[in-house]
Ligand code: GLN
């Protein structure tokens, strides 16, 4: 069985743990560097990305995580987690750090303010059985991706819609929160990718 960490500095950690366990993985909460030992992959939940950046540094997790991600550890970031995985952040703070796990430009708060939070039914490449109910909370979107990064969902299911889900093998990011609402198919997609990544500890 694969073991997947959930970064527990902020955000809805319990919901991610539940979704991973429902998808056949062992889930482990990660707040300190030693807790990274033996994890085969990591979920970076939503929250507030400038605060997360500061917490990653003060908990001594930024550098160890950057090393693991650089060495190919599977990782999935939702919302603020997507921002953390970007190579370039638009409308971030000057001192805001990101891992560059995916070659992509991410715009913070692209869908507007809290009041503009919304839900939609999204078609996601790789997810069978009908559209996924996607919850967007002060969400970012992806403005552009580099070679090798695959766009797997766009808002409105339109070809010209904003990019809201991407992957490069077992590295994935979504603008939305699939841990909310009890549909675990996105987590199952990630767990499958971790299993297939050859990175298992
Ligand atoms: N707007 C937040 C940020 O910039 C992200 C919101 C979320 O994770 N739900 O970090």
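Note that Cβ sites are derived from N, Cα and C of the backbone, with glycine treated the same way.
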Key: Co-listed L-glutamine-binding residue [TrEMBL; alongside 47, 48, 49, 137, 138] among 107, 108, 167, 185   = 108
Request  = Starting from the Cα of residue 108 (L-glutamine binding site), work out which of the active-site residues (79, 177, 179) are within 10 Å.
outcome  = 79
Note = Checking the active-site residues 79, 177, 179 against residue 48 (L-glutamine binding site) with a 10 Å Cα-Cα cut-off, in sequence order, leaves 79
Request  = List the other residues in this chain whose Cβ sits within 8 Å of the Cβ centroid of the L-glutamine site residues 47, 48, 49, 108, 137, 138, in sequence order.
outcome  = 46, 79, 80, 83, 109, 139, 140
Inquiry  = Can you tell me the CA-to-CA distance separating residue 47 (L-glutamine binding site) and residue 177 (active site, charge relay system), as a whole number of Å?
reply    = 10
Ask   = Which of 48, 179 has the fewest nearby Cβ atoms, counting only those within 10 Å, among these recorded positions?
value = 48
